[in-house]
Structure formats: structure tokens, C-alpha cells
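Here is the structure we will look at, set down as C-alpha cells.
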Amino acid sequence: MVLSQRQRDELNRAIADYLRSNGYEEAYSTFKKEAELDNNEELDKKYAGLLEKKWTSVIRLQKKVMELESKLNEAKEEITLGGPVSQKRDPKEWIPRPPERYALSGHRSPVTRVIFHPVFSVMVSASEDATIKVWDYETGDFERTLKGHTDSVQDISFDLTGKLLASCSADMTIKLWDFQSFECIRTMHGHDHNVSSVAIMPNGDHIISASRDKTMKMWEVATGYCVKTFTGHREWVRMVRPNQDGTLIASCSNDQTVRVWVVASKECKAELREHEHVVECISWAPESAHPTILDATSSESKKSGKPGPFLLSGSRDKTIKMWDVSTGMCLMTLVGHDNWVRGVLFHPGGKFIVTCADDKTLRIWDYKNKRCMKTLCAHEHFVTSLDFHKAAPYVVTGSVDQTVKVWECR
């Protein structure tokens, strides 16, 4: 490739600047003489540091080209696999495929949580920018922002009807929103530190929250009163989730344990300790997963009649563990993420586990065979949260890169 005279002059000035600013005086004066460069302070300023800038931008572009090439190859592979095969594949086995259907921008800080609405074709994201945003996942349209918290929104949860949304924040409050009028109808105070997790109980009458103050609290939806406090964790409680019928709640903590509590008595039924670092996330197994879990493990529950309940946990030790709550046994450990695990979920069909982590990936696990069957490079930064739609073929992820991505499953 031949350079024009102007490009040649620019390159010569940039080389001269590089030689001079790095102390190669002899080479600089020789080069200046041979390249016939005149003394021009204005031009010298213009080309200061230009060679280094060009060099680093070339490296950046090369990296981008390589990324795009690998995405292109992945997409080609998907087309050859995804076409006719997807018609034959059972929807229970559909998994997210690259590239993402939508990458949605709007948050001004890391996204902390993403969830689907149980009825409408919308999803909701929470962020460190203190806002909650509502998006249409079918069109990718932004719908509205809910404002009210004064610090990072840490978690959000719908009731089963989708009429109420609960949110919690580092501002130490829990808010309840009417999801039809989008008004905040109640604010609950009582925790002494950052409220890291919230969930509306299956009966819709109570909310459970977890905090950096080491406690979990249960609140009455109708009055906003705190009716129960669960204590036992020795450190920050990261996440709390009720089981399907609301009789048990699971919590995980910086104390490296997962605990299961009986709601009625506030008693800690099980303390699960095998993780070697902070436990970031937990998820209950749906009944659709029980047959595969029993196949995959010689679970004690087989002998005792009714299986389970089973629980997943993800940790900063980079592993995912599956637990039989009735025995307190760890049934399996899945290893493959290269950084902290931030989200764990069972596929609605029950055969797979879906996880996200600070290694920027979304992974799908065939847990019966204890193998990672697909890895998607999901975001430019840590992936903080994921949700799998219960009925429609979509997965949503949120990231420190401030985006929300919608992935189609097939």
C-alpha cells in the first residue's frame, strides 16, 4: 500500500516526535535532516504522541476484528445448527443462542438485577444509578423509568400476578410499586445497612428482604410492618429466595454458607457449608428438574419418597453447587467459570442450569453429565444477573457494562 505525500509527511513528523520525546537525540537529528523536516512548533504540537496513539488503536482494532470474526463464525455455526434442527428440538431443550437479539442502553451505572414480568412482554432492570427501568423484550423498546431510591437499587421482585413490584436499595429501604400506575405505594424502613435482596412471597401477602446488617426481615404488604426477623448469618446476607409454596426461604452470605429457614418458626433448618468464598446467588429447583436431578445423583431423597427440595448456589469460589436440602448434602459441584459466579437458575424445562459470572460469560450446563455445554461471551464486563422467561423462549442478562441484553432461545 502506497502512502500519499501528505500521509508520508504526517508519518515522518510522528516518527520524529517519537524519537525526540524518547531521548533518541542522534537518531532524531539524522532522521529530521534526511526527511527534510522544517522546525514548526505548531506542527510539532499537533503530532505529539501520535505514533503511540496510532499503535495502540491498531492493537485495539485487531482485537475487535478477532472478536467479530469469532462472533461471525459462531453465528454461521448457529445458522447451520439452528435452522431445521430447531423445529425438531423440544422447547424444553431450547437454550440461548448468540448473537443477542437486543442490547439495551439507558442505565448510567452497572445493572444489578434483571427480571421478566410474569404476564406481560416486559422486563425490568435495576441499577447502581438508583433507577429501575422497564423494557419491552419483544421489540427492544424502552418504556419508562421508576425513580424513588436515593442509592443503588440492588434487587427487584414481582408478585405472581405482576401487579406489584418490590425493590430494595443501598439507601436501606424497600419500596413497593403498583405496576399498573407505576407509583411507589409504600416504603419500608428497618434494616441498618444496605438491603441487598428482596422477594415477594408466593402468597403475595409478605415480602422477604436480606441485608448487609446480617439479618433477613419479613414485611406485611398491606401495612408495611416488619413482622419477623431472621438472624443467624455471621456476615452480609447477599440473597434471599422463597421456595415455590413459601414455607421455606433460602439465604446466602459472605459467611460462605447457604441457610434454609422454616418461615413459620423462623428456625434454621439447614446450614450448607462447602463453598470456599462468599456465596453470591441461590435458586430453588422447580419440580420439572426433579427427575433429572434424581437421575444425575444417587440422592437420598429417592429412598424417602418425595424428592428434594433442591437448591443451587453460586459463589466467588467460581463454582456452582447443587444441594439436597432434606439431607444437607452437596449433590454436585460444577466447575468452569473463570471468575465469581453471580447468577444461577434452572432452565424452565428442568434439564439444564444457566449461570452468569464476572468472566463476562453466560453458560448453559448439562448437569446430568456435569458438563458445560455452551458458553456465550455475553457482555464487555462482568455479568451481574440473569433471568429465564418461564414461558417465552428468552433469557435476559445485565452487566457492569451498563447494558441489558435479550437472548433468544432455540
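In case you wondered, yes, glycine gets a Cβ from its N, Cα and C as well.
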Segment assigned the feature coiled coil in Swiss-Prot (from 32-82, 83-133):
32-82
Looking only at residues six or more beyond either end of the repeat 'WD 1' (106-147), which have a C-beta under 8 A from one in the stretch?
153-158, 160-162, 165, 167, 169, 171, 177, 179, 182, 184, 381-382, 384-387, 389-390, 392, 394, 396-404, 406
By a Cβ-Cβ criterion of under 8 Å, what residues six or more beyond either terminus of the repeat 'WD 2' (148-189) are in contact with it?
109, 112-113, 115, 117-120, 124, 126-132, 134, 195-200, 202, 204, 207, 209, 211, 219, 221, 224, 226, 239
Intrachain neighbours beyond the domain 'LisH' (7-39), with Cβ under 8 angstroms and 6 or more residues off its ends:
46-52, 54
